[in-house]
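Copied over from Swiss-Prot, here are the features:
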REGION    1-401  region 'Carboxyphosphate synthetic domain'
BINDING   129, 169, 175, 176, 208, 210, 215, 241, 242, 243, 284, 298  ATP 1 binding site
DOMAIN    133-327  domain 'ATP-grasp 1'
BINDING   284, 298  Mg(2+) 1 binding site
BINDING   284, 298  Mn(2+) 1 binding site
BINDING   298, 300  Mg(2+) 2 binding site
BINDING   298, 300  Mn(2+) 2 binding site
REGION    402-546  region 'Oligomerization domain'
DOMAIN    672-862  domain 'ATP-grasp 2'
BINDING   708, 747, 749, 753, 778, 779, 780, 781, 821, 833  ATP 2 binding site
BINDING   821, 833  Mn(2+) 3 binding site
BINDING   821, 833  Mg(2+) 3 binding site
BINDING   833, 835  Mn(2+) 4 binding site
BINDING   833, 835  Mg(2+) 4 binding site
REGION    931-1068  region 'Allosteric domain'
């Protein structure tokens, strides 16, 4: 059936800020779908509050709204734009829930707008726990014994009937939010009360725990005609009980017999037909490893994290096809974009193995619980492809960029046999390393399987890797042994460690004997048809399929790897824009990246895509085959920057700013020389390697000092130290990972923090806009609320900023991007740090100023000038509206993590508020970040002594807004003495009713708690207050500047005269 011609204008709902459970995969899906709709001549409107995405670029849709994803703002956009249809299945859980709410409240019928791609009834049947249960029972699909409960008493009664442990799954939530496994009544009460609060409809499913069964997923497609195909089936290495987003996943499944595979495939198609789903859908199963018994765990009636993985694993563009099906096309009418010969009704075939490993944030949150359950904790993931499972696992491990490159990287040799056995039972992110250690000690496969419930097939494969370690350690390195080690992807540096042979000699031995990587293509059809836009993966001991092309010029663009705190989707945005710019100028583009969730790894972004780890050895193999004319490293974050030196050694030209100038910005002594030459002041400080040296520097310049390693992103390992003991502690933590570069110790200055992104052509600079942070220095720039245009700095300070930016860019010979952070102390400007590369603020500042910085920087790298491109050098004219970028955190998913803000970054995402007034923009930014206020108008204040004078002003503003203020002893006394009617409440250690009772009583909206120094202690009152506030869903602020900003925003909300102004990116 050709497409439905009644559909002319579609509103696509994006997924909002990146949080744990909802990452870059929706930017990828949304971008692909918008492009797919525009191909069909549809007018596309898009709403998304996340400015870091490609989907919010003006060329992706006809109208782009960066507005909070709330019912109110969507209604306004629908009234203004009058779309005939809404596509809600590409915006993750956020998009689905909004589509549902718009349909339920009758607004869509009123406006004559219909949901396409799915119906409200389908969403309800799949997402509502009771409706889903009834539907499965109706078609005879087995589910675990369960009951939907709306209160705690019913939950306890049902659990007593079926016995512990039980799994709790809230309805309509994302990434397992609020869910978990309860082993006893206390755990049940804790998890259930949280789950009922987080569910949109106040429902939680309590079900029999089938942890230990295999977890299998099927990604299926269906059109309106009832044609169905399975795109891919996947198997979690971890058994049921770990969220699939936190599991190691392999595609296609490796341990299913044909009977099991066909049984689950039939079931998946049965379910998708009953639910009448049109488009992509994901079905998760639990399979009893000892029989043919299975249960349906859940169905996602939308594009999901798993569908991004399935798309990249097979080359089948699920989001693109879903968008076409939503327009009425059938599968056999949609061409396969990779082969251009087959159709979307053709099931993909894989002649390789794909492994996905989650990227978990425990390197950022040293106090957080490492255990993995049904509530997701990963911020991102990596994917690798190989022709054998062991090789794919080894490649995925080194793609994580967590200082791991083999199964020896986490060291469990110090454990006794009993301790090791206990560790095997712990489900955390290091489990395969523990299994490897058990195998080294001769523990039997069956015994490991009994404890971990991981299939024997996977244990056997880990044993093959352990056996190879042993052979490399004990045997002579022959050509045959080296061939076999490379076949299962042992990197040269690991072979070198095990054999005690120099890495350079191993490489020479490989080259002399022709042991080099060959590249195979992903073509969806196991090489049955010719592929037009393939992508490649490396294997050893096979024929090379990467086509020899000799165009005029080739550029290698290094991607940014997995999404993690500190290096998010912003850098993918920069990589993609850079690639598009080079392609426009006739260069052949080559991307290397390993993140399945991103736009950069889509099959049609670059001319060639290599799905490989971003390490020197892996990149060198590609360079040897492609021989690029140059490489661009300034857009891939720290990942790409770290490979600069290796690329130069390979003889690859670095395009843009030269490597030695990048080093000069990171190297303390060289940078100090540049500052002296250019006459720019900075904080006093020095470089050290040991705690003794650090204490000496700190005492010379005076406490407090900022301690940080060099060459890091997102303030990794950065701390503010107030005394000698803290220096000892912090240097100890930094030095747990061997440092190749010195540690920096600087005087900590208090002032306004200002950030500038600029481009330089070697002579002139262009600054699109100056951004000012609401939080004072000491809070990482990625965690601060950022305001454009800067609104409290003087003209004189602005002139100084522009002048200093120009001097620094010229002294560092910048060609392309530069990012500088300054401090403004009473019009005296100091430089904090300089990064001659793109930064996380680039997408945001590009959008709000309308200056496409990445494109301009790429053109400069190719030889154009700022004037030649038609721009006036210096600071661009400022806008007549305010744009505020608000950080978004995922603390509630990370039990035990310290939430107070400091110099190490903790936010996972961001959203944007745009308005004519400062307060209006602030209100939208808080709304976009999901801050729901006020409900009860009751708050708790407990602030450190230094903040008390400022707390009085804040408290008075909240009092005026009608808030009842509770405060702990000394804060209450101080507030009362200064005319605030604060109610004193006991500390946690004192008798009830105390602070904890108030928080756990669910009657508090807001906690303002500014921590004292030495915030590492988990038993202190402050830590417990902050943690419990977050875990019961209370908004918690840890800096006075943020509290002031929130008061501003709420004053706007209460003053209803200001209409919400809806602006599109086009008009900015």
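Here the Cβ of each residue, glycine as well, is placed from N, Cα and C on the backbone.
Known features from Swiss-Prot, placed on the structure.
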{"residue": "129", "record": "ATP 1 binding site", "contacts (Cβ under 8 Å, 6+ apart)": "146, 148, 169, 171, 203, 204, 205"}
{"residue": "242", "record": "ATP 1 binding site", "contacts (Cβ under 8 Å, 6+ apart)": "215, 236, 372, 373, 374, 427"}
{"residue": "300", "record": "Mg(2+) 2 binding site", "contacts (Cβ under 8 Å, 6+ apart)": "126, 281, 282, 306"}
{"residue": "749", "record": "ATP 2 binding site", "contacts (Cβ under 8 Å, 6+ apart)": "683, 777, 823, 825, 830"}
{"residue": "778", "record": "ATP 2 binding site", "contacts (Cβ under 8 Å, 6+ apart)": "720, 748, 750, 902, 903"}
{"residue": "821", "record": "ATP 2 binding site", "contacts (Cβ under 8 Å, 6+ apart)": "753, 754, 755, 756, 781, 831, 832, 833, 834"}
{"residue": "835", "record": "Mn(2+) 4 binding site", "contacts (Cβ under 8 Å, 6+ apart)": "665, 818, 819, 820"}
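Residue 129 (ATP 1 binding site) carries a helical DSSP state (H, G or I). Under DSSP, the residues of the region 'Allosteric domain' (931-1068) split into helix, strand and coil as follows: 60 helix, 22 strand, 56 coil. Residue 284 (ATP 1 binding site) sits 44 Å from residue 708 (ATP 2 binding site), taking the CA atoms of both as reference points.
Mapped onto three states, the DSSP output places residue 242 (ATP 1 binding site) in coil. DSSP assigns residue 749 (ATP 2 binding site) to coil in the three-state reduction, placing it in neither a helix nor a strand. Taking every pair among 708, 747, 749, 753, 778, 779, 780, 781, 821, 833, the residues listed as contacting ATP 2, the largest Cα to Cα separation comes to 18 Å. Residue counts for the region 'Oligomerization domain' (402-546) by DSSP state, with H, G and I taken as helix and E and B as strand, are 72 helix, 14 strand, 59 coil. Across the domain 'ATP-grasp 1' (133-327), the prediction's mean pLDDT works out to 91. Ranking the binding-site residues 208, 708, 780 by other CB atoms within 10 A of the CB puts 208 at the bottom. Sequence-distant neighbours of residue 298 (Mg(2+) 1 binding site) (same chain, 6+ residues apart, CB-CB distance under 8 A): 126, 132, 169, 283, 284. Cα separation, residue 708 (ATP 2 binding site) to residue 208 (ATP 1 binding site), rounded: 48 Å.
If you take the Cα of residue 780 (ATP 2 binding site) and the Cα of residue 208 (ATP 1 binding site), they are about 44 angstrom apart, rounded to a whole number.
For residue 284 (ATP 1 binding site), the count of additional Cβ atoms within 10 Å of its Cβ stands at 21 [all protein chains shown]. Between the candidate binding-site residues, 215, 833, the densest Cβ environment within 10 Å is the one around 215.
In this structure, residue 833 (Mn(2+) 3 binding site) is part of a beta strand by DSSP.
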